């Protein structure tokens, strides 16, 4: 059917808006975490506003279209009598008023999804019927000029509620002191008494739908967002939307620079004056005595300013950790704390635990230690990380690199599914790389079998880089399978051995696997936990290959365009494909062509002089760093050429132009690498300092 002339098509334009709203609430419904009270209430408030607009739309159609058509045709009935909009609005009000805890939220969510799906199934065909049935009838019973007039009135009525010009006028009025005074002058009690009257006459910014408000908020900086969060409860919830807090720069914010876009100029070092000012601030802050009197301290004006800035930075960091990141942490992609005067290892540890999806982390020249990465002690808990800068972090040792490598996860296999193994030694610091095969005689065991059989003998990790692993001393491990839809509380697991849990099974795996040489290890994998990191990344895939020069027999891995097959390096047992199933951890997923772990592109350990060869080799575990292009090891005084060679062999994408290490080390690609960057540097470790 040919489309009707735009001038007399009374349904298409309003229906476009209604269909857009349907798409928006379907998308929000699929992304809402119903266990989170803030997400739950934000969804209901958005749905309530959406369905109020649906009701307004149908009231306009009844008055200006259907009502007129009924006057000229006796065959037209009340087409909006069974739309159930009032029932849906009552459902949302009930959820906002009566649902009090997580259990009730989850039960309500099931009912909500069913009701929304039923409504959507009816609402979309209803609009199609109006366009295909009633529009031709309008063309039959009304003249061209009459239809033009009807459409003009319909559009005008819709715009009287959500007209862009009116909204812009509301935004303009919002900036006037007179309107602000009018908004704030009423007390809470007076507001509640006059709420109905105000809502009837107001068409300002408070009536904007949430998606429009989020679009407006996206243009604001963090300081402005914090101010907006104090306007109302609705705005407070909207300003805690994750998309508004993707990039964090607390150090710059504390100094008045409120930039919050993507990280830029990644390789550019600040000038000497900027670094000196940051060091002066840090020194003044750490030497400052909080109990000292003004007369006693006798600080200069410059020192007072430095202390004030450092104090501001500390307060800002505490505010982020306690008031912002618990809500938006999973959405944070960039965190830059370079040259921070006040950040501590504890703060970094808390931030990293709340931000499992970080892609860019810059801790340049901060006073952190290995403990800052304690929250990264779990396999794959930050496997999206692409940029890590620890330049000048002099307290960092191999321990931190072990945690970092573990957090990057395990390289995904592109050809077959793998099953993760675990042993009883959870505190092990080395990874033992072993592929596993399924036993065909016994695949599943109930929970009580776990208490009757040993998990496996403890594997010696004292010399993990020189001692080959023998399969003779390794018994069959168990892999715990948890139903992701029925996770138990961690405290409940204490009683698991005393009762039967139907949703938990253990899978027994074979133990006849070994590597032809030393250097292939895998990390103990512990069970699922309630942490955000575990819930998102516990299903990291198995090793794709070891990536060490020990097992590569001199092969120049970094010159290859693709990663070699594991069979080319190690004699391993044949892998057994696992069937797809919701109770199995299956790694041959639909997204197997895209790596989900070990995607690091940039790594700088410049000035981390306590790093040794062991730390470099730890980075080669789990498949190495196949995407790494930039590696800065300037000032790492104790590493050797052998350790560098082992790391380089696991970094096939490394660019010599961005490969830096000490000039005194006879390492790989000595003729093409860029050498040391810390020569004559006043604030980074270097073997030639003082020359």
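Placed from the backbone N, Cα and C atoms, the Cβ positions cover glycine too.
Every protein chain considered, the tally of other Cβ atoms within 10 Å of the Cβ of residue 61 (Fe(3+) 1 binding site) stands at 21. Residues or ranges marked as Fe(3+) 1 binding site by Swiss-Prot on the basis of experimental evidence: 15, 57, 61, 130.
Marked as Fe(3+) 2 binding site by Swiss-Prot on the basis of experimental evidence: 58, 61, 80, 126, 130. Reduced to three states, the DSSP call for residue 130 (Fe(3+) 1 binding site) is helix.
In the three-state DSSP assignment, the secondary structure recorded for residue 676 ([2Fe-2S] cluster binding site) is coil. Under the heading [2Fe-2S] cluster binding site, Swiss-Prot lists 662, 676, 686, 687, citing experimental evidence as support.
Look at Swiss-Prot and you will find 1-159 tagged as region 'Hemerythrin-like', backed by experimental evidence.
As a summary of secondary structure, the repeat 'LRR 1' (340-364) carries 10 helix, 3 strand, 12 coil according to DSSP. The repeat 'LRR 1' annotation in Swiss-Prot covers 340-364.
Positions annotated as repeat 'LRR 2' by Swiss-Prot: 365-392. Mean pLDDT for the repeat 'LRR 2' (365-392) in the predicted structure: 90.
Here Swiss-Prot flags 393-418 as repeat 'LRR 3'.
The repeat 'LRR 4' annotation in Swiss-Prot covers 479-508.
Per Swiss-Prot, the feature repeat 'LRR 5' maps to 576-607.
Each residue in the repeat 'LRR 6' (608-635) gets a DSSP state, and the totals come to 9 helix, 4 strand, 15 coil. According to Swiss-Prot, the feature repeat 'LRR 6' maps to 608-635.
The repeat 'LRR 7' feature in Swiss-Prot is assigned to 636-661.
Across the structure, residue 58 (Fe(3+) 2 binding site) and residue 662 ([2Fe-2S] cluster binding site) are spaced 74 Å apart at their Cα atoms.
Across the repeat 'LRR 7' (636-661), DSSP helix (H, G, I), strand (E, B) and coil residues number 12 helix, 3 strand, 11 coil. Between the C-alpha atoms of residue 676 ([2Fe-2S] cluster binding site) and residue 15 (Fe(3+) 1 binding site), the distance comes to 64 Å.
The Cβ neighbour count for residue 126 (Fe(3+) 2 binding site), using a 10 Å radius over every protein chain in view, is 16. Its Cβ placed at the centre, residue 662 ([2Fe-2S] cluster binding site) has 21 other Cβ atoms within 10 Å. Counting every protein chain shown, 19 other Cβ atoms lie within 10 Å of the Cβ of residue 15 (Fe(3+) 1 binding site). Below 8 angstroms of C-beta separation, residues 250-251, 263, 278, 281-282, 285, 306, 309-311, 313-314, 317-318, 320-321, 325-326, 329-334, 371-376, 381-382, 384-393, 531-533, 536-537, 604 of the same chain, each at least six residues beyond the ends of the repeat 'LRR 1' (340-364), sit close to that stretch.
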